[in-house]
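Asks: First the structure, then my questions, so here it is.
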Amino acid sequence: MVTIRADEISNIIRERIEQYNREVKIVNTGTVLQVGDGIARIHGLDEVMAGELVEFEEGTIGIALNLESNNVGVVLMGDGLTIQEGSSVKATGRIAQIPVSEAYLGRVINALAKPIDGRGEISASESRLIESPAPGIISRRSVYEPLQTGLIAIDSMIPIGRGQRELIIGDRQTGKAAVATDTILNQKGQNVVCVYVAIGQKASSVAQVVTTFQERGAMEYTIVVAETADSPATLQYLAPYTGAALAEYFMYRERHTSIIYDDLSKQAQAYRQMSLLLRRPPGREAYPGDVFYLHSRLLERAAKLSSPLGEGSMTALPIVETQSGDVSAYIPTNVISITDGQIFLSADLFNAGIRPAINVGISVSRVGSAAQIKAMKQVAGKSKLELAQFAELEAFAQFASDLDKATQNQLARGQRLRELLKQSQAAPLTVEEQIVTIYTGANGYLDPLEIGQVKKFLVQLRTYLKTNKPQLQEIISSTKTFTEEVEALLKEAIPEQIELFLLQEQT
């Protein structure tokens, strides 16, 4: 028979008591009352904060947006098909944040910063809040460096500076995304990090943009954040903030960044859907009352930082789609009032074969010539006025039968100026090439040519100057001014090339 030793038993009990670790954990929980259409109503969660992340029993994450007296309205970051009525929900005590690092360059990610390009996980040691406060007044300085888009019409007449917010607005299929993607292609070698945010786009068009970037070597300095048309409204609403958080990470590390939101109309629609399902009162065009704040807090994050903060910059190029040219609708007027200018793309110009279809008359940059190098100011200073006068004269000339010689000359000059602003897609020009092109048109050298010959001649002229007069490019890029030496070189080269071109065309 086994003998029971009292001292041994007491030792074991004592050891167990010493090892006992009482862990007290307070968890803020609730139960699902109702779920559907990407919205869940939760009973409980008494201590939850506005904007806090909550986790459902089966792993779905949501954001608490509506805090009501008897329930909490949560928007889901997923389809929520496996969430059941009565299942439990717990508050996480965190607000939405994403990992950030250099490793994101060249990758395609979703609004939660998870890779969707099939190239494995992205390593990151730091994280940033998706919603960060914008830099204050003291943290900023005025915009003074140009961000070259490679498009003559923009860089000469509607210049964009680093740290500016310039709206690209127009009807569907007028080339808005083409202007934005060309700007990204033109940043090659400029040490600018680009972020392209696709909101509610077709997956095929996002894939096309990514392919273009890869073929042109632009992906190495670009991050693509994509939430396509089949994504939940919550993720389409979050995508721009995710892009802004990534761009901010580089801006605060003394880098220049450029971010494109394509497009904010779809983000506003996603937010409207969420708000109406949460039963928030609708306002104008059924958008909620805080839709202005939705965009202002996003676009205010673009800035040119002051010297103590390292002079980094974040340039925002939001895109907004209009319905049959109506710029006075709710979202377009909101975004126009927030940004520092707009580039208006016209369907009529696009259909008339003027591409990029920029309506120079009503497009404006509120930073102006501060965002141009001196050489461009010297050459293109009067271009916008001349084109506006030409457009007015052209409209008037339709009703007049016999025009005097001076008017005919002005019309001919204007037509050639408009012709030199035409550019093929994905063919950005360097600032030196743009200066030469504008100088040629503004000084009447193109007048002897037929309108149809202008584009062909300019290509030939640029090629000739690149190979035979490389010092021209060197002088402009080193001095940033249009010197007398440059003008002398052009006065000699352009007439020669025009003679040669006209002889070639005759044969």
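Glycine is treated like the rest: Cβ placed from N, Cα and C.
Per Swiss-Prot, the features are:
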- GLY170, ASP171, ARG172, GLN173, THR174, GLY175, LYS176, ALA177: ATP binding site (BINDING)
- SER363: site 'Required for activity' (SITE)
Asks: If you count other CB atoms within 10 A of each CB, which of ARG172, LYS176 wins among these binding-site residues?
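Replies: Highest number of other Cβ atoms within 10 Å: LYS176.
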Asks: Around GLN173 (ATP binding site), which residues of its chain at least 6 apart sit with Cβ under 8 Å of its Cβ?
Replies: ALA347, PHE350
Asks: Secondary structure at GLY170 (ATP binding site) (DSSP, helix/strand/coil)?
Replies: strand
Asks: Near the ATP site, what residues other than GLY170, ASP171, ARG172, GLN173, THR174, GLY175, LYS176, ALA177 in the same chain have a C-beta no further than 8 Å from the centroid of the listed C-beta atoms?
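Replies: Nearby residues not in the site list: GLU321, LEU345, ALA347, PHE350, ALA357.
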Asks: Cα-Cα separation of ARG172 (ATP binding site) and SER363 (site 'Required for activity'), in Å?
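Replies: Pair distance, Cα basis, whole Å: 17 Å.
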Asks: Expressed to the nearest Å, what is the distance separating THR174 (ATP binding site) and SER363 (site 'Required for activity') at their Cα atoms?
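Replies: The Cα atom of THR174 (ATP binding site) is 15 Å away from the Cα atom of SER363 (site 'Required for activity').
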Asks: Sorry to bug you, but what's the C-alpha spacing from ASP171 (ATP binding site) to SER363 (site 'Required for activity'), rounded to the closest Å?
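Replies: For SER363 (site 'Required for activity') versus ASP171 (ATP binding site), the Cα atoms are 15 Å apart.
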Asks: Near GLY170 (ATP binding site), which residues of its own chain have a C-beta under 8 A away, given they sit six or more steps off in sequence?
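Replies: The list for GLY170 (ATP binding site) reads LYS176, GLU321, THR322, PHE344, LEU345, SER346, ALA347, ALA357, given in order along the sequence.
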Asks: Across all chains shown, how many C-beta atoms besides its own are within 10 angstroms of the C-beta of THR174 (ATP binding site)?
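Replies: Around THR174 (ATP binding site), other Cβ atoms within 10 Å: 27.
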Asks: For ASP171 (ATP binding site), list the number of other Cβ atoms lying within 10 Å of its Cβ atom.
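Replies: ASP171 (ATP binding site): 18 neighbouring Cβ atoms within 10 Å.
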Asks: As a test of the contact definition, list every same-chain residue at least 6 positions from ALA177 (ATP binding site) whose Cβ is closer than 8 Å to its Cβ.
Replies: SER205, VAL209, ASP262, ILE319
Asks: Look up SER363 (site 'Required for activity') in the DSSP assignment and report helix, strand or coil.
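Replies: In three-state terms, SER363 (site 'Required for activity') counts as coil.
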